[in-house]
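The block underneath contains the structure these notes are about, expressed in structure tokens.
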């Protein structure tokens with residue numbers, strides 16, 4: 001680390017004023033979830049208390065992240081430095097509008113999943129550690145969203161990953177073991193690539209602080225080594241986000257775990273990859289991103305189209321939804337390829353929408369399977385008669401995921417297509433629209449098969465078959481209210497409708513997140529003080 | 001010294017990737033370990049290899065007196081070693097359980113999650 005000046009300004013290096021109380025909001029998400037996870041782990045055998053405690057901590061997380069987002073929108077980017085090691089030396093937590101928004105949505109989804117799990121995860125699942133793993137996974141996700149240090153982000157990724165292994169294998173089925181092996185090995189390769197890129201970046205620039213990297217990359221301009229590092233980041237995070245052609249681990253593992261685990265994975269994990277892509281390519285290495293725009297655009301288009309075609313070719317409802325997750329990733333990457341403020345805002349909005357809608361769709365699928373006794377499209381049918389409410393909820397979610405108005409999927413698609421046409425990416429805009437059409441086809445067929453027709457395959461259409469198990473309580477093991485399943489589903493659907501009808505607020509937030517990435521003046525100033 | 005290390009790291013990567021292309025899970029796991037070690041050495045080399053004194057500051061000064069070694073790569077590599085070791089341990093247990101359950105460690109035969117020859121999806125509406 002030669003090169004820094006040898007005169008030290010002691011006064012500047014020592015804070016004597018206490019940290020403002022609001023700044024604790026920045027690291028509270030990680031602390032809260034680690035404490036909650038540990039307590040739940042200690043209470044491993046007390047499965048009833050575990051669920052209540054887990055929900056309390058997840059609820060606190062939602063409140064905290066809500067306050068954090070409010071604070072960020074009011075004051076701009078907030079930085080907290082660990083142990084007063086001033087940047088670029090210490091580990092900094094730096095929160096901008098993008099990180100805070102995603103952390104809030106992640107917390108909401110995790111709370112909903114925790115509630116849903118309170119009756120769908122039986123006591124043996126809890127004994128194997130569902131709630132500790134869920135809380136610790138949120139530690140990793142929040143840490144990754146809020147940290148301002150690239151190596152630190154790697155560590156949070158690993159925290160997230162190891163907890164996700166635990167959740168994925170919960171239950172020990174044959175299919176789960178099989179799926180976890182594939183998920184585990186491929187994700188480990190992905191994080192190793194991330195670590196390689198980070199090591200090389202450190203060798204190249206001598207710093208790990210994101211704000212410092214941004215400045216140094218701007219000064220040095222785009223060069224061969226930096227392009228290599230950018231490509232490595234692209235590959236590593238494309239693997240995490242399940243972009244074509246490194247996406248085949250997702251459909252082979254996401255349909256195996258408990259449905260609530262699949263729901264939170266589908267909502268959250270791939271979006272952490274998208275966030276990391278935004279952070280590294282759009283903010284840290286904008287010049288390299290511009291060079292790679294064509295590649296990212298092709299990856300995006302192929303991800304969208306192969307994802308949705310895969311969805312059409314599935315008969316298992318969960319695998320179909322897994323392919324729709326992939327297809328959504330393609331739309332988000334399209335925004336990254338275009339790279340204007342409007343396009344990146346579209347990506348951010350799409351990420352928020354996708355977290356909510358995919359989680360809700362998996363939850364709805366869990367309810368449908370509990371009623372019909374199967375996830376197979378051939379055996380689903382006649383559910384409209386069994387539950388018109390579920391039919392309506394599923395239709396709302398289906399229209400939202402296909403990007404049809406007036407639900408939340410419509411606006412980000414409009415933003416992305418608009419941005420694509422503005423900058424002459426006509427074929428990319430066409431790919432987005434064709435994907436929307438094919439998605440309506442795939443998900444519309446699910447609705448027609450599961451809800452509209454009279455009964456499963458083999459029954460006369462128009463007649464009503466008696467449903468095999470007939471009750472949500474089959475999921476719960478009986479005896480409890482089904483409200484814990486319906487409330488999270490209803491809450492997520494309500495958010496989907498709300499963001500569709502009143503998109504201005506979320507649009508403004510995503511726009512602030514996007515412009516903060518493209519022109520990170522506020523970020524740099526927050527880390528280095530006004531002088532930077 | 002960096003050049004020699006670079007060649008060694010390249011060799012480790014080649015061996016790791018070769019093993020990971022195998023169909024036996026146990027080979028894949030060994031490949032992952034070797035790859036992890038290659039990555040650790042890469043970080044170490046990227047942080048520059050040198051034979052300077054440790055970065056200890058004399059009691060009457062604010063900054064180190066002369067050139068010192070860079071302690072950060074050691075901290076980073078230590079973190080990475082701990083993480084990759086714990087992951088290896090987890091995957092090892094997982095592979096063993098999978099072998100017990102499925103009776104095979106050949107990835108091509110592990111088709112429980114995605115069975116071969118599934119029926120086509122419903123055609124038509």
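Just so you know, glycine gets a Cβ as well, placed from its N, Cα and C.
Feature annotations, reproduced from TrEMBL:
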type	residues	note
DOMAIN	A:148-439	domain 'NADH:quinone oxidoreductase/Mrp antiporter transmembrane'
TRANSMEM	A:24-43	transmembrane segment
TRANSMEM	A:55-73	transmembrane segment
TRANSMEM	A:93-116	transmembrane segment
TRANSMEM	A:128-147	transmembrane segment
TRANSMEM	A:153-171	transmembrane segment
TRANSMEM	A:225-250	transmembrane segment
TRANSMEM	A:259-283	transmembrane segment
TRANSMEM	A:295-313	transmembrane segment
TRANSMEM	A:320-342	transmembrane segment
TRANSMEM	A:348-371	transmembrane segment
TRANSMEM	A:383-404	transmembrane segment
TRANSMEM	A:424-448	transmembrane segment
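Just going by CB pairs under 8 A, the stretch in A:24-43, A:128-147, A:295-313, A:320-342, A:383-404 that sits most against the transmembrane segment (A:55-73) is A:24-43. For the transmembrane segment (A:383-404), same-chain residues at least 6 beyond its ends with a Cβ under 8 Å from one of its own Cβ atoms are 324, 328, 353, 357-358, 360-361, 364, 367-368, 371-372, 410, 412-413, 436, 439-440, 443-444, 446-447, 450-452, 454, 464, 467, 470, 489-490, 493, 496-497, 500.
Only residues 6 or more beyond the boundaries of the transmembrane segment (A:225-250), in the same chain, are considered here, and those with a CB under 8 A from a CB of the stretch are 157, 182-183, 186-187, 189-191, 193-194, 196-197, 200-201, 204, 217, 269-274, 276-277, 280-281, 285, 287-289, 291-292, 295-296, 299-300, 302-303, 306-307, 322, 325-326, 329-330, 332-333. Proximity of distant same-chain residues to the transmembrane segment (A:424-448), defined by a Cβ-Cβ separation under 8 Å and at least 6 residues beyond the stretch ends, is recorded for 297, 300-301, 304-305, 307-309, 311-312, 317, 320, 323-324, 327, 330-331, 334, 337-338, 377, 391, 394-395, 398-399, 401-404, 413, 416-417. Between the transmembrane segment (A:348-371) and the transmembrane segment (A:259-283), the number of CB pairs under 8 angstroms, six or more residues apart, is three or more, so the stretches are in contact.
Put simply, of A:24-43, A:93-116, A:153-171, A:259-283, the stretch with the most CB pairs closer than 8 A to the transmembrane segment (A:320-342) is A:259-283. Among the recorded stretches A:24-43, A:153-171, A:259-283, the one sharing the largest number of Cβ pairs closer than 8 Å with the transmembrane segment (A:93-116) is A:259-283.
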